[in-house]
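Listed features, source Swiss-Prot:
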BINDING   Cys22, Cys25, His26, Met88  heme c binding site
MOD_RES   Ala1  N-acetylalanine
MOD_RES   Lys80  N6,N6,N6-trimethyllysine
MOD_RES   Lys94  N6,N6,N6-trimethyllysine
Amino acid sequence: ASFDEAPPGNSKSGEKIFKTKCAQCHTVDKGAGHKQGPNLNGLFGRQSGTTAGYSYSTANKNMAVIWEEKTLYDYLLNPKKYIPGTKMVFPGLKKPQDRADLIAYLKESTA
């Protein structure tokens, strides 16, 4: 199912998902450094593999996907299938509601 068919996202639930599943490797804080994964501030509208100062896999650079709701929704289902060769070890979020909630949170927190 695509993002067009996704349930409405709840950013408060998304924040909990981010803290438990993403914050170990990512931050959303403007000006903060990279962790294991790149800083996600300014994520929407950015091309994969282009954040300054982060060492991306060739796969992420070559994919050249523009991050927006639709691409994140598909990516977060199964990152390794969406970008074969990505360094991200996260297995993905299988529930459509979890993906919608996380995207709602990221949209607010990374702007």
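Including glycine, each Cβ sits where the backbone N, Cα and C put it.
Overlay of Swiss-Prot annotations on the structure.
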residue : record                   : DSSP class
Ala1    : N-acetylalanine          : coil
Cys22   : heme c binding site      : helix
Lys80   : N6,N6,N6-trimethyllysine : helix
Met88   : heme c binding site      : coil
Lys94   : N6,N6,N6-trimethyllysine : coil
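If you take the Cα of Cys25 (heme c binding site) and the Cα of Lys80 (N6,N6,N6-trimethyllysine), they are about 16 angstrom apart, rounded to a whole number. Least crowded of the recorded positions (His26, Lys80, Lys94), judged by neighbouring Cβ atoms within 10 Å of its own Cβ: Lys94. For the pair Cys22 (heme c binding site) and Lys94 (N6,N6,N6-trimethyllysine), the Cα-Cα distance reads 15 Å.
If you draw a 10 Å sphere around the CB of Met88 (heme c binding site), it holds 19 other CB atoms from the protein chains shown. Taking the centroid of the Cβ atoms of Cys22, Cys25, His26, Met88 as the heme c site, the other same-chain residues with Cβ within 8 Å of it are Ala23, Gln24, Lys35, Gln36, Gly37, Leu40, Phe90.
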